[in-house]
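Asks: I have a structure I would like to understand better, so I am pasting it below and will then ask my questions one at a time.
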Amino acid sequence: MLGIENLPKLAGPFLKTERKGPAAMIQQFEQDHGGGMAKDLAKNRRVVMPSWTEHEEIKELQKSYSRNKVRTTKYTFLSFIPKNLFEQLHRFANLYFIFLAALNFVPIVNAFQPEISIIPIVFVMSITAVKDLWEDQRRRKSDQKVNNRLCDVYDRKQKRYVERRWAEVCVGDLVRLCCNEIIPADMVLLHSSDPNGVCHIETANLDGETNLKQRQVVRDLPQGSEFVPENYSSHIECENPNNDLRRFRGFMEHPGKVRVGLHSENLLLRSCTVRNTETVIGIVVYAGHETKAMQNNSGPRYKRSKLERRLNMDVLWCVILLLLMCLIAAVGHGFWLSGLQNPIYMIPDDTHPALAAFYMFWTMIIVLQVLIPISLYVSIEIVKLGQIYFIQNDLDLYNPVLDTGVQCRALNITEDLGQIQFLFSDKTGTLTENRMLFRRCTVAGTEYPHHENAISLEQYEDQGCGDADHSLTLRSRTSRKSLSCKSLSCNRSSVSLNTLTAESDTHSVHDTLRRHTPGAFSGTMECAVVPDPQLQAKLNTLSSAMRSPPRQQAAEISHILDFFLALTVCNTVVVSSPTQPRHVVQMPVVRTPLRSLEEMKAMFQKLSLPRFPSSLSQNTDTPTSLTKKLFTRGRSASYFPNNSPQTPIMTLQSPTTPSGTPSYTPSTPVTPALSSGAWSEDVDDIQKAKVNSADESESDDEDEAEELLYEAESPDEAALVQAAKAYGCTLLGRSPEQVLVVVPGTGPLSIPLLHVLPFHSARKRMSVVVRHPLTGEVVVYTKGADNVIMELAEAAEDGFSREVMERTQRNLDQYAREGLRTLCVAKKVLEEQEYEAWLKRHEYAETSIENREELLLESAERLETNLTLLGATGIVDRLQEEVPETIEALQEAGIKVWVLTGDKQETAINIAFACKLLRPTDHILMANCDSKETCEARLHELQHEIRQVTKEGVSEDDSSDCVLVIDGRTLDYTLQKELQGSFLELTCCCRSVICCRSTPLQKSQVVRLVRDKLKVMTLAIGDGANDVSMIQMADVGIGISGQEGMQAVMSSDFAISRFKFLRKLILVHGHWCYTRLANMILYFFYKNVMYVNLLFWYQFFCGFSGSTMTNSWVLIFFNLLFTSVPPIIYGVLDKDVSGETLLDLPDLYKSGQNSQAYLPSTFWMNILDAFYQSLVCFFIPYFAYTGSDIGVFSFGSPINGSALLIILLHQLIESRTVTWIHTAILLFSALFYYAFVLLFSLTCVTCNSPTNPLGIETKMMSDPLYYLVCGLTTVLALLPRILCRTFCNTICPSDLVRAQKMERLSAQDYSTSLRQWKENKAAQRLSSRHVPQNLSVNADMPHLTDCIAEAGAVLS
């Protein structure tokens, strides 16, 4: 941690008390430190002033900043050809073929017409260039649309705002935006039409989150009804552009030399939308490509797949084979020339045979160039695009609720989906719904089970109200009155959800959708919290007759009040208007009838507990109508003039109980404690105010009362705020300076909000600093992870707090065993001197630029000490549908599933049982260590015990496995280099691993460790920003577009909407993509080697002269056109096994894990087969035409025809699916070849100089021997492959072949075979399993036995 004494030094030279303007400051630095320091200043900081500034240095500096015009295109009209060529030349294959084409222009080594040699490379590069140009044109149109948007920018000359295109906006411009307008650049907020200086934005275009986020005007800026740009003369210094969406560091210096710290709450980000205020004005600090949105726009992800890496290795083998063949031809040519004695058919020259052999080497490189498959790379890209098309259009992977399917963001790793060996999954939002529902709580050591709330949740699920029901209106069967989810009555504990239905008697579904737009994470069940009778009865004493309770009960009620007050204010929830869901309600300001804070304190001292005044008279006004009046009538604020000027007064506008509290009206309308003196006068004021309120109310009060909409950044916050509301602690509004809440027995309370210390993954908690509305004390309310809060909680000497902590810990353990997410709530009361001292240091941290995050973190940790524990909550997060079935299928497929979560061990274990990651017979290996030495010993202990039991063997009826459960602290030790080996050795003996209390960094470190050390294919899946590093580290990253925005999706290779879709994506599409592509690549190698060998064998009969028995046009087009389309169709459409069978038999996926379709042995078997077929294809025509007088091209005609038939029928043999498309393409390829050669033979006279192929093909095809040779050659060439495949599939069939046979059976026989298959596989796994029967469980975790015993009762 950074010491506080270093704060001024860390804050930099700009925290000096003597401050100057930016120009003078730069000049001073130049004088003191030379020009270098000024350059460093401009390099490390950004100075922003209005664009009309008079400072020449600042003007020049701001001109150097990026303008707001964006360009995501790669090319311009002039740069397209050179730049695209430059990019394509980075591919080795393209360079290789360009080199060969150039080499063919050298007369001494050319093999055929130079013009023909450039056709293949020009064709391939042209296709790639057209594809790149089409993609770039799409980006250009998008850029033009964005750059031509309009916004209002202040013009100093015209003294008014004028419309400008986004592209013309620059740093320093003052931009005015209206509601629902998109922000054109990153701007610091200077003015808002909201009287509290608040603006809310929607960041859906940026990160996918639909909840509103609050932004506020820079402190100390004047907030009036109108903003005068001419009066703004402050300047901003901030950090240079970066891609961190949640960080902004800098300060604003006002003319009075007063500096105010800037942070992310002051920054409006480009592409976000203004949603709440009529007008906002900001100054542009980052524009164009320097904005955070553009800095995060990385585009599609490109990775190298495992199959591609294998392909590159085999291409090198082909290069070696090519060089070997060329070397043989060169040596043979040299020996052949040496053996000749002045032949009459050769023109004599003085070339030495060795030099001629050298020339022949390069000639053969040109002749045999087809051995390197130039069209393979283009074909692979086309095939992958086709595979992606079918994946994205699979209706089984479509979510109709969210209207989303699969997104393929990485275009070149589809085949990796078929080779996954390890799967790393987040828990919350990935395995679970991430729809947090309040289940139960414990306050002051007393547990409140909320049984009826649990019954309501069960009945809700039984009714099948799924994801879509959040848009329906619930109605009471008895009253038939429409109730929105926000107005679900929880007034009586007897109310449950079985009395509600989604039926509609007067309104259509469309009317319902229009009338109800829930806030973020505010579905039906989030709102429907049924209070616990015991807890509500204690809260009822606040509104009952004023009789002093026992002191112990008073302390308990004090804890309860603080507990619910903390739930209400310790969050960042935004309150929205129900009639305009995307507009935030104006902060209602009300006046108070109370005279002084001292009178209120005296009242509470009399009651000996922090009791609030009860209802002064019976009233029929509903709390919702009160809320409506407060939002429709503004009143001036009234503050206490004495003692604490920042303390707002408590409002007794309406003494009725708020929403969610019992509809209990005390029999005594006015208590004695409030019936005398000034209080009685205030009661009269209240009565008069109520009469006035009734007069001012309009007729719409008779309509259904409008409710509030809560926009939460996380589902936890929404669930807790809704739970507090059910007990009467209602959040009414929020501004940067205050929070308006309702507590039982009062009207609205305006609570000054002094500071918000947001949630941080390192602290695992958030806090708010408020001034208590009743006592005037500075209070810190904190909520966060239970283990963190319990460590920070102070154990009081009186024993009460110690007992509360012990009971709370027991309750937390029980909650975890039930699979609930737990949060602890605590508070701390600060003395004024203590607060002032902390505030002074905190302001240093806020105004610093360097190390700002570290300083703020240290400041928050300094404040959050010696907390008083108030209670804890248990929130249920239900499993997503079909998660157990999906995990079970993935494990059957041989994929090891690891869960990396930040939850408690007990919670994670319980969820693991629920989703069948853990089975009741599994042995749980616990690793909870406090030191590195203990961790090392524990790992060796578990390894030794596993080895001992493995030697002893295992009984046949044992179906157990080992599962390792490790906490975050121990994980830190195991990730250190010394223990990595032991940790991996242990995990290899386990079926699964569960990492608890893990941080985002630990998640990525675990993935990297397993990927790099075990050399396995890894997949990571998550839904939140904390999963981004893990997703990016894995070979395949999958993001879930869930409740936590789109950060995970934007960083992923594939995006799905539900975890269950992973099953088909991996087991079906992954298997298909890998098998198709692997077989297609092998086929390409086969057909190229087979055809090139025909040319090689001919060299033995032509003196290794580099001559060919076919014309150069057929030679070039044979692999480029005639045989290139069928494998592409094969790679896109072939199915070795149907999707239904792959889902029924997950074991089939193991063939991809083991790379069975593309092994080194498979590659060389294909090469040998190609050699054999080439020998048959060459020598049968050779012996058939021996002794005849046919020419060279006539000899090559049946060889080419036979080769074409062999290659096409070879693919037909390898295909598992033959449709009309396959048949049509094969016939087209054959007909295309014969049409070309016949046309060539009839018309070509001089196109193959110096030879003349005119009439050759027509003459050969008129001879019956031609067809006999082609037929016999084709049969003999393919016969060994057919016989070998038939023998293998009959004698020792693979699982895939057996599955193919099963698919041909009838439905009944198929079911019987499927059952027998699974029984046999289960028996095989049981016989091959060697795991210990009895492994010790950590003695520090005795409650785990209860967890296992209760496994059947978990999230069902």
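Cβ coordinates come from backbone N, Cα and C, glycine included.
Just so it is clear, the model here is predicted, and its values are computed rather than measured.
Dumping what TrEMBL says about this protein:
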type	residues	note
ACT_SITE	ASP426	active site, 4-aspartylphosphate intermediate
BINDING	ASP426, LYS427, THR428, GLU717, PHE759, LYS783, ARG821, THR901, GLY902, ASP903, ARG997, LYS1003, ASN1026, ASP1027	ATP binding site
BINDING	ASP426, THR428, ASP1023, ASP1027	Mg(2+) binding site
COMPBIAS	639-653	compositional bias 'Polar residues'
COMPBIAS	654-672	compositional bias 'Low complexity'
DOMAIN	60-118	domain 'P-type ATPase N-terminal'
DOMAIN	1049-1293	domain 'P-type ATPase C-terminal'
REGION	636-681	region 'Disordered'
TRANSMEM	311-336	transmembrane segment
TRANSMEM	356-378	transmembrane segment
TRANSMEM	1090-1106	transmembrane segment
TRANSMEM	1113-1133	transmembrane segment
TRANSMEM	1163-1185	transmembrane segment
TRANSMEM	1192-1213	transmembrane segment
TRANSMEM	1219-1245	transmembrane segment
TRANSMEM	1265-1283	transmembrane segment
Asks: Name the range, of those listed as 311-336, 356-378, 1113-1133, 1192-1213, 1219-1245, that has the largest tally of Cβ pairs under 8 Å with the transmembrane segment (1163-1185).
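Replies: The stretch I would name here is 1192-1213.
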Asks: Take the Cβ of ARG997 (ATP binding site) and count every other Cβ within 10 Å, whichever protein chain it belongs to.
Replies: 22
Asks: If you count Cβ atoms within 10 Å of the Cβ of ASP1027 (Mg(2+) binding site), leaving out that atom itself, what do you get?
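Replies: Neighbour count, Cβ to Cβ under the 10 Å cut-off: 31.
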Asks: Do you know offhand how many angstrom separate ASP426 (active site, 4-aspartylphosphate intermediate) and ASP1027 (Mg(2+) binding site) by C-alpha?
Replies: 7
Asks: Same chain, outside the transmembrane segment (1265-1283) by at least 6, Cβ under 8 Å from its Cβ: which residues?
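Replies: That would be 1169, 1172-1173, 1176-1177, 1180-1181, 1184-1185, 1197-1198, 1201-1202, 1205-1206, 1209-1210, 1213.
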Asks: Determine which residues of the chain contact the transmembrane segment (1113-1133) at the Cβ level, with the cut-off under 8 Å and only residues 6 or more beyond its ends counted.
Replies: 112, 116-117, 119-120, 123, 370, 373-375, 379-380, 382-383, 386-387, 390, 1076-1077, 1079-1080, 1083-1084, 1087-1088, 1091, 1095, 1200, 1203-1204, 1207-1208, 1211, 1214-1215, 1217, 1219, 1221-1222, 1225-1226, 1228-1229, 1232-1233, 1236-1237, 1240, 1244, 1247-1248
Asks: Using DSSP, how many residues of the domain 'P-type ATPase N-terminal' (60-118) fall into helix, strand and coil, respectively?
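Replies: Helix, strand and coil residues of the domain 'P-type ATPase N-terminal' (60-118) number 29 helix, 0 strand, 30 coil.
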Asks: For the domain 'P-type ATPase N-terminal' (60-118), what is the mean per-residue pLDDT, to the nearest integer?
Replies: 80
Asks: Under an 8 Å Cβ to Cβ limit, what residues of the same chain, 6 or more beyond the ends of the transmembrane segment (1192-1213), are close to it?
Replies: 1083, 1086-1087, 1090-1091, 1094, 1107-1111, 1114, 1118, 1122-1123, 1126-1127, 1130, 1173, 1177-1178, 1180-1182, 1184-1185, 1222, 1226, 1229-1230, 1233-1234, 1237, 1251, 1253, 1256-1257, 1259-1261, 1266, 1269-1270, 1273-1274, 1277-1278, 1281-1282, 1285
Asks: Taking residues 6+ outside the transmembrane segment (356-378), which of them lie with a CB under 8 Å of any CB in it?
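Replies: Hits for the transmembrane segment (356-378): 91, 93, 96-97, 100, 103-104, 106, 108-112, 117, 120-121, 124, 127-128, 311, 315, 318-319, 321-322, 325-327, 329-331, 333-334, 337, 1081, 1084-1085, 1088-1089, 1091-1092, 1095-1096, 1099, 1104-1106, 1108, 1115, 1118-1120, 1124.
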Asks: Hey, of the binding-site residues listed (THR428, ASN1026), which one tops the CB count within 10 A?
Replies: THR428
Asks: Give me the Cα-Cα distance between ARG821 (ATP binding site) and ASP1027 (Mg(2+) binding site), rounded to a whole Å.
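Replies: About 18 Å separates the two Cα atoms.
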Asks: Please name the residue among the recorded positions ASP426, ASP1023 whose C-beta has the most neighbouring C-beta atoms within 10 angstroms.
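Replies: Of the recorded positions ASP426, ASP1023, the highest Cβ count within 10 Å belongs to ASP1023.
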Asks: What Cα-Cα separation, expressed in whole Å, is found between PHE759 (ATP binding site) and ASP1027 (Mg(2+) binding site)?
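Replies: About 16 Å separate the Cα atoms of these two residues.
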Asks: Relative to the Cβ of GLY902 (ATP binding site), which residues of the same chain, six or more apart in sequence, are found under 8 Å away?
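Replies: Set apart from GLY902 (ATP binding site) by at least 6 residues yet with Cβ under 8 Å, we have THR428, LYS764, ALA785, GLY968, CYS996, ARG997, SER998, THR999, ASN1026.
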Asks: Looking only at Cβ atoms, how many others are within 10 Å of the one on ARG821 (ATP binding site)?
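Replies: Result for ARG821 (ATP binding site): 26 neighbouring Cβ atoms inside 10 Å.
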